[in-house]
Amino acid sequence: MTTTSAFMLNVRLDNVAVVAIDVPGEKVNTLKAEFAAQVRAILKQIRENKALQGVVFISAKADNFIAGADINMIGHCQNAQEAETLARQGQQLMAEIQALPVPVIAAIHGACLGGGLEMALACHRRICTDDVKTVLGLPEVQLGLLPGSGGTQRLPRLVGVSTALDMILTGKQLRARQALKAGLVDDVVPQTILLEAAVELAKKERLAQRTLPVRERILAGPLGRALLFRLVRKKTAQKTQGNYPATERIIDVIETGLAQGSSSGYDAEARAFGELAMTPQSQALRAVFFASTEVKKDPGSDAPPGPLNSVGILGGGLMGGGIAWVTACKGGLPVRIKDINTQGINHALKYSWDLLETKVRRRHIKASERDKQLALISGSTDYRGFSHRDLVIEAVFEDLPLKQQMVAEVEQNCAAHTIFASNTSSLPIGDIAANAARPEQVIGLHFFSPVEKMPLVEVIPHASTSAQTIATTVKLAKKQGKTPIVVSDKAGFYVNRILAPYINEAIRMLTEGERVEHIDAALVKFGFPVGPIQLLDEVGIDTGTKIIPVLEAAYGERFSAPANVVASILNDDRKGRKNGRGFYLYGEKGRKSKKQVDPAIYKLIGVQGQSRLSAQQVAERCVMLMLNEAARCFDEKVIRSARDGDIGAVFGIGFPPFLGGPFRYMDALGPGEMVATLQRLAALYGPRYAPCEQLVRMAERREHFWTNGETDQGN
């Protein structure tokens, strides 16, 4: 056996070379620039061994093939030329793999992403396991980049241009059966026989060429291709609002390769990669990636977590059902649900059943796996089965006496070490724990709806919460697949506190006569996934406005909303999407395609509905209030760092990730510019825009959130 640092070559007795990939000291395999020499040394041995029948690339890691290229390599590039050179080096290495004179098979188990999939594409055939951990994709667009090692050229030729565009423009990841159907892999097998199946495929002298589906063959022709790219460009521009330059370059590069040939395509790919790597959008998106990775590693406190073997949930409603699903089906923990009636329990069970059944229908999991996961969830109308639960999450109504009663009942019916975690969105955790016998084991755990989709949770200790309770709760959130940030027990916590003035200002502009669709379109153009008015409809107008009095009582008039407007809307039985009417009207089952602004909303609030502000002015008014409040949260140590503030806003409310989060965005604008803009808006619209003390101080000292050592205040 010849051994290198991350690649091991073993020639079997049947003359098939097996190259095992195992980056030392790392949980996952990533491709690094220094590995090129190691791979080339192995390729040289393979070329020189004339007796070889084939080659298999396989990972020695337990649950991943190659998770991608090491993104740090891009950060070391000083200019576009250096990044372009990096791409060309990757392209050359993949070309050398593809040029091997014997069949080359990629045997894939676990994540095969980015540079990992580009390497698999350079192999002659691909075979993967049917494991749920196996996913294949090119997610570079999510970092403001495009695949730089040949992915934009090989993938369209393998699966067809339409499928390739969809994969590369969205960064979507395909599971094993999806990859097989798309033609991305040639076979799907159990993990136990992956190597032998790959070896047998490598021994075949002739590997049959795959024929593209008729639709893809039509789209590959000049006329079909022209129509496809015209439609894709239009659809992509509508979706990105011009905020993500990588998508435009991806389309251009793929089209170049198909129209002018692979050589021109590879050249265009490398140049585009180099240029995109230097864009502020890519730098911001990579910063979000690194920050989220750090947050996921953060234990929350210095204390070791307590036991976490099973969880209880109080309330089987929308939130309770979602929390049960992420706990059992993502976290793998047994869950016991308590509700006052069996209907609530049945609702929670159906919630998980529906999500799992969808996965079965899409062939993401087998029916047996669905049943296995569902078996982790049980329910009761009393506290039977709760005595041994390590942590209990309450998801009942936002009523302080009720939540205090839940604390007392859990302390009476559960173990002495059981943690009580409240999913409150507005009530102080200290008040919920006020009468607790063990207040050190009471904490907030604020999920966002829909629970199965929203990645963020806020972990909220109160003054007496123990360090171990924090660590255990953070550990649970991570097991649930969430990204947790620890925030202070102050009104609104962090996410709702910065969101409220943003939505309030949108409502205020409505009362000034601005049109609903104009306000929403302005913020979508700025980079939010939906506008503030639509967001209020989605959350529920009754639910979304409930926190406003709490915030106004805590922080004063800057949180006041036009109360008469909110009351008029609620009195007209407008709750948003959930009852089919809010600021928008919704068609049958609330389908988005049927959504349209209800003209009656203007009469209801007593305005004509004629927009006078530009889109930039609308966005500025909403966003500046959000940024100012985020800076206050930093100053008051509501968040522990600018890192947590950026991740909380991006993952919790969809703050434009290409701006890096509110704190990176404020740094980009500069504190002096922030203060000047807020002062200008305060002169126009009132003292709610007055710049906070934190920003004024930073402007005077010319400081930044991310560069002055203030990014980790809590530790």
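Quick reminder: no glycine exception, Cβ is built from N, Cα and C everywhere.
Taken from Swiss-Prot, the feature region 'Enoyl-CoA hydratase' applies to 1-190.
Here Swiss-Prot flags 306-715 as region '3-hydroxyacyl-CoA dehydrogenase', drawing on sequence analysis.
Around the Cβ of E118 (site 'Important for catalytic activity'), the same chain contributes G90, M94, L138, P147, S149, G150, G151, R154, each under 8 angstroms and 6 or more positions distant in sequence. What Swiss-Prot lists as site 'Important for catalytic activity' is E118 (among others), and the listing cites sequence analysis.
Per Swiss-Prot, site 'Important for catalytic activity' is recorded for E140 (among others), and the stated evidence type is sequence analysis. Counting only same-chain residues at least 6 apart in sequence, those with a Cβ under 8 Å from the Cβ of E140 (site 'Important for catalytic activity') are G114, L146, P147, G148, G151, I168, G171, A246.
Across the region '3-hydroxyacyl-CoA dehydrogenase' (306-715), the model assigns an average pLDDT of 93.
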